[in-house]
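Quick notes on the structure that follows.
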């Protein structure tokens, strides 16, 4: 298989997944035996979101990025948005084809659009980059910095742009039982099928009208089949003669009723119409009305403008406030420091063009902050995977309910996320590389872009569902997540092997 043997590629692909599986299994096991209750998991999640992930972002982005490679973030943002839109589109198509529980009618869009872009890709990339053919710690830090862009897009679309409202909408209004949902979907399918049938009939009419043999209209105008002249009214206009003489040969087969000349309304005269003074008067009235608005109406317009201005200001403030989460702020500040050499030199040694006095130990003045961030950030990935296992352990589906589950929708979402999305991801990334948006020699960037396309749905959706359900239950989401996280260990092994073959084969 090119410069790297297949066995080596397979081992490089399997090794990070084995480590990830063991971490997830630890969280699953201690939760099942009651050593990690729900409140402890909640506190653990707060530590990850507010301390360890921001520290990991800070310690990896600053040393990995500089002004010359910061332009690589643009294609990453575009790819992140494209992946999200494709996932939402696939879920919407699945929703139209197969029945989905009423309390998951919008949640399925989130399951398709928002992937687990934190724990799994960081764990896999840090393990893969640590060994050949990659360059160890430098490539690992760079990969985590690239993943941070996907995390930032994920966070912005979930909170400031209101993606979480999709789950909130699932629990608005009364619930519908599964039979009612299936009945409505069957009625919808019947309606769509009838419309397609009507459209097909119309297209066939047009086709037959345009391709039927045209009778002689010019040589026999004014004569009937016996050689007698037609009455004057039959040839009064060109439109009437065409209507009287031409009939598609299969009109009766299609079932379209035709009208005789006597039943047709008289054709309007196409003589020129002189513009009268009425249009001018009306235009003057409209002009006078718009220029001389009453004071009350003008005041109403001013109040409306002020209302919209306040509304825009309020939306902007809510957007900024919801974007000010510790992970997002850490990513933004880290990229800002990374591209400003004097600031970067305070944390990292060897920044070109800077002369910052060193601390007594010979390190940059703020190197201790970088070391602390590295120390705290190293706990982010194992804690996140343990918490993922704990979340999966709390998802349960009673055995007597398996027959009532939307198995077609569940299987389609899993195939869409873990099979269709990786194929589309390869095509998209290859085209980006072909057109120069991604550097062909930057294998770290290409690996991250390909890896993110084959991730399962985000485990954070469990938290959102439990919060907005009002009962702390997430049984519908569990049915969609559990198969994905079982299949991902097989699908990702094959996908990583294929990705490494594309990059180094």
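Each Cβ is built from the backbone N, Cα and C atoms, and glycine gets one as well.
Going by TrEMBL, these are the annotated features:
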COMPBIAS  227-241  compositional bias 'Basic and acidic residues'
REGION    220-242  region 'Disordered'
TRANSMEM  17-35  transmembrane segment
TRANSMEM  47-67  transmembrane segment
TRANSMEM  73-94  transmembrane segment
TRANSMEM  142-161  transmembrane segment
TRANSMEM  328-348  transmembrane segment
TRANSMEM  368-393  transmembrane segment
TRANSMEM  405-433  transmembrane segment
TRANSMEM  445-465  transmembrane segment
TRANSMEM  477-500  transmembrane segment
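By the count of Cβ pairs under 8 Å, the stretch nearest in packing to the transmembrane segment (328-348) among 47-67, 73-94, 368-393, 405-433 is 47-67.
Long-range contacts of the transmembrane segment (142-161) within its own chain (CB-CB distance under 8 A, at least 6 residues past either end) are made by residues 56-57, 60-61, 64-65, 72-73, 76-77, 80-81, 84, 114-115, 117-118, 121-122, 125-126, 129, 318-320, 322-323, 325, 327-328, 331-332, 334, 444-445, 447-449, 452, 458, 460. Between the transmembrane segment (445-465) and the transmembrane segment (368-393) there are 3 or more Cβ pairs closer than 8 Å, counting only residues 6 or more apart in sequence, so the two stretches are in contact. Taking every recorded stretch in 47-67, 368-393, 405-433, 477-500 and counting its Cβ pairs under 8 Å to the transmembrane segment (73-94), the highest total belongs to 405-433.
Listed stretches 47-67, 368-393, 405-433 were compared with the transmembrane segment (17-35); the greatest number of C-beta pairs under 8 angstroms is found for 368-393.
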